[in-house]
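Student: Have a look at the structure that comes next, please.
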Amino acid sequence: VDTAEKLSKNGCASNYGATQISVWSMARALNASIPPLTNPMTPSMTFRNSNAGRISGVALVGVIIGGALALFLVVALGVVPYFFLHNTRDNNLAPKELTDPVTLIFTDIESSTALWAAHPELMPDAVATHHRLIRSLIGRYGCYEVKTVGDSFMIASKSPFAAVQLAQELQLCFLHHDWGTNAIDESYQQLEQQRAEEDAKYTPPTARLDLKVYSRLWNGLRVRVGIHTGLCDIRRDEVTKGYDYYGRTSNMAARTESVGNGGQVLMTTAAYMSLSAEEREQIDVTALGDVPLRGVAKPVEMYQLNAVPGRTFAGLRLEHELLNDDEDQTTTSCSDHSSSRTDLSVAAQTIAASLQSLLGTFTPAQRQKALIPFCERWRVPLPQKVGNVWDNDGCQEAIRRVAAKVGRVMDFGTRKASSSVTSLERGGSLFSAGGATVATVASSSNFSCVDGRCGTVQLIDLENDSTTS
């Protein structure tokens, strides 16, 4: 018993609940008449597990793995859906009733093609900031992002006033944002100076402003905005799971945006009159009168929202200016007007001659197939066609439009690279949408950048090259 108690105290023995324990002799085990050596007793022994309170190695590994899985599950069920929903359009905000007027907003960056050519290292971050700022305003004012096309936004709103507030706040946000560079503003001013040199009647609205005055009115990317209100053909896209808006209202909103200048907000009389009298008192507008819009039978009464008091703008970019403008177009419709080759700059004539020489042996269908990527890449309107294939005039018009657009960008890049050069002495390589060089113009070579692509480029001597037409 003493030994048992001793062992029990040392934790080396236990009775596991046994009671009435006695010590028998071997004789007692063989003969029950022989009494036990000790009387039965129940020792005060308790079971004690020496590993109690400790976690084994296997259990520890299991706890670690289980904790990691639990953390992963929290991330998967919480954080991932948050980011997914954050970047997904909220269809609850989409106007869906066919009988309710919808206010549509179109936006576009002024001179984005020229900016990409001049500042390929800055524009990716600038455009990403542009998208982030606009999307934050869409959420703030309960509007709906319909789509983005390049650097253009199409936005729908159930409330006309919310749309107007968004457009006004957009201009203020861009004005007060720290873009981290003055290069974009300098490029806009250079573009205005270039146009003033080409057109004696044109007065640059910002290029000659005092620096302090300029900084109060302008900063960074300039975005033009057009607003129109009306009934729409509303459809849900089964692929994107979002809503889109078709018909006269969307066309009118796009046309309204297209005639504006960067930093300018235009709204049709339909949008303005959709506001209540109290709402109209909260905004500052300037009546612009009737404005002719491409594809619209009658002139449309237009208002300018003075989002940034003190800003002045050039005249509206009306139909006769659209085709030769260096801006990116948000529509793909064609203008009925065209210009002869003599209207093109030297650089544009060089590009046109190169394309004509390169594609001259192609069939009309082959020329159309080759030219469409250029039109899409440089965002120029496609020419009208009869049937499924462009005729010769259509192909020539497509070449002229592409050449006019690329030529203006090259002119801008040349002027920016060397302010002392008064006539175009450099050219560039014309690139396909996939990045392959399609046509290289030949003669004196210089270094230039076109739409963010830099390299040694050459110019064709139109007077000495017998292959040009």
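Cβ coordinates are placed from backbone N, Cα and C, and glycine is handled just like the others.
Okay, so Swiss-Prot annotates it like this:
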type     : residues       : note
TOPO_DOM : 1-59           : topological domain 'Extracellular'
CARBOHYD : ASN31          : N-linked glycosylation site
TRANSMEM : 60-80          : transmembrane segment
TOPO_DOM : 81-469         : topological domain 'Cytoplasmic'
DOMAIN   : 103-257        : domain 'Guanylate cyclase'
BINDING  : ASP108, ASP151 : Mg(2+) binding site
Student: Counting other CB atoms within 10 A of each CB, which of the binding-site residues ASP108, ASP151 comes out lowest?
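Tutor: It is ASP151 that, of the binding-site residues ASP108, ASP151, has the fewest other Cβ atoms within 10 Å.
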Student: In terms of DSSP three-state secondary structure, what is the assignment for ASN31 (N-linked glycosylation site)?
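Tutor: The residue in question, ASN31 (N-linked glycosylation site), is coil (DSSP, three-state).
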Student: Over all shown protein chains, what is the count of other CB atoms within 10 A of the CB belonging to ASN31 (N-linked glycosylation site)?
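Tutor: Around ASN31 (N-linked glycosylation site), other Cβ atoms within 10 Å: 9.
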Student: Just to verify a number: CA distance, ASP108 (Mg(2+) binding site) to the residue listed as 'N-linked glycosylation site', in angstrom, no decimals.
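Tutor: Distance between the two Cα atoms comes out at 111 Å.
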